[in-house]
Amino acid sequence: RDNFIHLCNPHLEKMEEDILYHFALGTGTHDFPTLFGDVKFVCVGGSPSRMKAFIAYIAQELGLGSPGCDYPNICAGTDRYAMYKVGPVLSVSHGMGIPSISIMLHELIKLLYHAKCSNITIIRIGTSGGIGLEPGSVVITRQSVDATFKPQLEQVVLGKTVIRSTNLDEQLAKELMQCSKEIGQFNTVIGNTMCTLDFYEGQGRLDGAICLYDEEEKLQYLKNAYDSGVRNIEMESSVFAAMCNLSGVKAAVVCVTLLNRLEGDQISSSHDVLVEYQQRPQKLVGYFIKKSLGKV
């Protein structure tokens, strides 16, 4: 049986129209099944330009576009998020941090539900800080953990603390790892990803505007993280995993590391090197999609 999106909100059934405000889309103004009903893969990432580049890349990989072809932003009516589509692939930006990706995911999950999509795979592709890995390594997330290394998302709802699981699909992670082995172009590992609320103090950096700890304390914290299984740090994976779990969606997080945090805090690689690093999750996920569609 097809695996449809599960909505954990009985109130939506009573609404005559659902306006996805931050997408500038709505069930009263757009035919969601016609626009999105064939979607099977959704890739999300922080930057609008990166997600546009990804849709152009996947279009070429799937033989669905020509070089130089432009792909219109489906969410052109807003400047909050950008969305692109080619064939069965949807590419959406989510901004930076848990609040931004959370808003996007609420509306994305509803969009997929209204479009009657089934058997969806959602993958976050992005950048991160590595721990104990060479820059340019790709991390496929086993679990997203918080800043105390617990595999959970702690959220306050109606004044009460709610704890949600942040496990990700184990089989999907293994399939992605196998794809990386078949590509054979860059180091890839499966490990835990620490999701923080901040880029500076929350990740133990010494170079922010405020820092009230020393380098020894920082290194001890990062070593403790490594010993707990953490291999990279970013700012979106926990709520991504939690919301996909609640919606019954198969999900994965694939991030490249831009530096080894045990050796420094600032990203100093050249622009060209960073661009090549950022293409690695795209290549891996693109290969996975091609393989899933029988095009490898």
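Our numbering is plain: 1 for the first residue shown, then up by one each step along the chain.
Placed from the backbone N, Cα and C atoms, the Cβ positions cover glycine too.
Annotated in TrEMBL:
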- Arg80, Arg124, Ile125, Gly126, Thr127: phosphate binding site (BINDING)
- Gln203, Arg205: substrate binding site (BINDING)
- 40-289: domain 'Nucleoside phosphorylase' (DOMAIN)
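Each residue contributes its Cα atom, and for Gln203 (substrate binding site) and Arg124 (phosphate binding site) these two points are 20 Å apart. Other C-beta atoms found within 10 angstroms of the C-beta of Arg80 (phosphate binding site) number 18, with every protein chain shown included. Here Thr127 (phosphate binding site) comes close to Gly46, Glu234, Cys255, Val256, Thr257, Leu258, Tyr277, Gln278: these same-chain residues lie at least six apart in sequence, with C-beta atoms under 8 angstroms from its C-beta.
Under a cutoff of 8 A between CB atoms, and with a sequence separation of 6+ in the same chain, the neighbours of Arg205 (substrate binding site) are Phe199, Cys211, Lys218, Asp265. Gln203 (substrate binding site): 23 other CB atoms within 10 A of its CB, across all protein chains.
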